[in-house]
Amino acid sequence: MTDTFDRSIKIAPSILAADFAALGAECEAVCAQGADWIHVDVMDGHFVPNISFGPGMCAALRSHVKTVMDVHLMIAPVDRYITAFAEAGADFITAHLEAGPHIHRTLQAIRGAGAKAGLALNPGTPAEAVAPVLDEVDLICVMTVNPGFGGQSFLEGQVAKIRRLREMIGDRPVHLEVDGGVDPTTAQRVVAAGADVLVAGSAVFRGGSIADPAPYGENIRAIRSAAGAPDGA
Ligand code: DX5
Ligand code: ZN
């Protein structure tokens, strides 16, 4: 990963919507079809009502992910697992602000482990909650669904929060990511509000498969073009 900050639009397919029996091949297929980053949703059945992957899965996928591995931790507590995810090869490790009382320590620990530090906000958390740690983050993730499941409807009320966070970030080298219900229609609105990383699960993987991956590329291009970005594939 280069250290040059890049605010161009990036599409980050969430492999929560991929074929779990063939995740390595799915990562390779979606990268070949133009994904900019790969988004890995880690769920613990405690912070969110669903269970998905752990650090062992991230380590196994690492060699199949030819680009940035963006690991979204929907777990509590967080700190005791940071080293494992960093050693698994995560480029970004994103923790939830709501996951514990010591988010500043968590963000420091992520950077200390050699990864980029992300901070995710549930829909009920205001933009202003980020202000005290703005200089400790490399990415802010605005949840536009309640975390836990793919395929939910985009929460329109979060667009104003994206706009506010974009103002708060200013010139800092901080990515503004949007996660949940992103499709060509909503992508246009969140990019207009200032987002640069678009996570999309169902809207990328629908209609395709490892045997027939072309729809992944069509879906990625549809999101990218609705976002007003040039085709980076
Ligand atoms: C939700 C996850 C999202 C989700 C996105 O808890 O963080 O990344 O998989 O899925 P879609 O794009 O289907 O809403
Ligand atoms: Zn996610």
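Here the Cβ of each residue, glycine as well, is placed from N, Cα and C on the backbone.
Marked as substrate binding site by TrEMBL: Ser14, His72, Gly148, Phe149, Gly150, Gly151, Asp179, Gly180, Gly181, Gly201, Ser202. The feature divalent metal cation binding site is assigned by TrEMBL to His39, Asp41, His72, Asp179. Annotation comment: TrEMBL describes Asp41 as active site, proton acceptor. Annotated active site, proton donor per TrEMBL: Asp179, in sequence order.
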**Fill in**
Among binding-site residues Asp41, His72, Gly148, Gly150, Gly181, Ser202, close to ligand 2 by Cβ (under 6 Å) are Asp41, His72
**Asked** Compared by Cα position, which of the binding-site residues His39, Asp41, His72 is the closest one to Ser14 (substrate binding site)?
**Response** His39
**Item:** Top Cα neighbour of Gly150 (substrate binding site) in the set of binding-site residues His39, Asp41, His72
**Value:** Asp41
**Asked** How many neighbouring Cβ atoms, not counting its own, are there within 10 Å of the Cβ of Ser202 (substrate binding site)?
**Response** 16
**Between His72 (divalent metal cation binding site) and Ser202 (substrate binding site): CA-CA distance (Å)** = 17
**Request:** Give me the Cα-Cα distance between Asp179 (substrate binding site) and His39 (divalent metal cation binding site), rounded to a whole Å.
**Result:** 10
**Request:** Only counting partners 6 or more residues apart, tell me which same-chain residues put their Cβ under 8 Å from the Cβ of His39 (divalent metal cation binding site).
**Result:** Ala12, Pro13, Ser14, Ile15, Asp70, His72, Asp179, Val199, Gly201
**Message:** Other residues near the substrate site, CB within 8 A of the CB centroid of Ser14, His72, Gly148, Phe149, Gly150, Gly151, Asp179, Gly180, Gly181, Gly201, Ser202?
**Reply:** Leu16, Ala17, Asp41, Val145, Pro147, Gln152, Val199
**Request:** Provide, as an integer number of angstrom, the distance between the C-alpha atoms of Gly148 (substrate binding site) and Asp41 (divalent metal cation binding site).
**Result:** 9
**Chain-internal residues near Asp41 (divalent metal cation binding site), provided their CB is under 8 angstroms and they sit 6+ positions away** = Ser14, Ile15, Leu16, Ser52, Phe53, His72, Met74, Gly150, Gly201
**Message:** Highest Cβ count within 10 Å among the binding-site residues Gly148, Gly150, Gly181: which residue is it?
**Reply:** Gly181
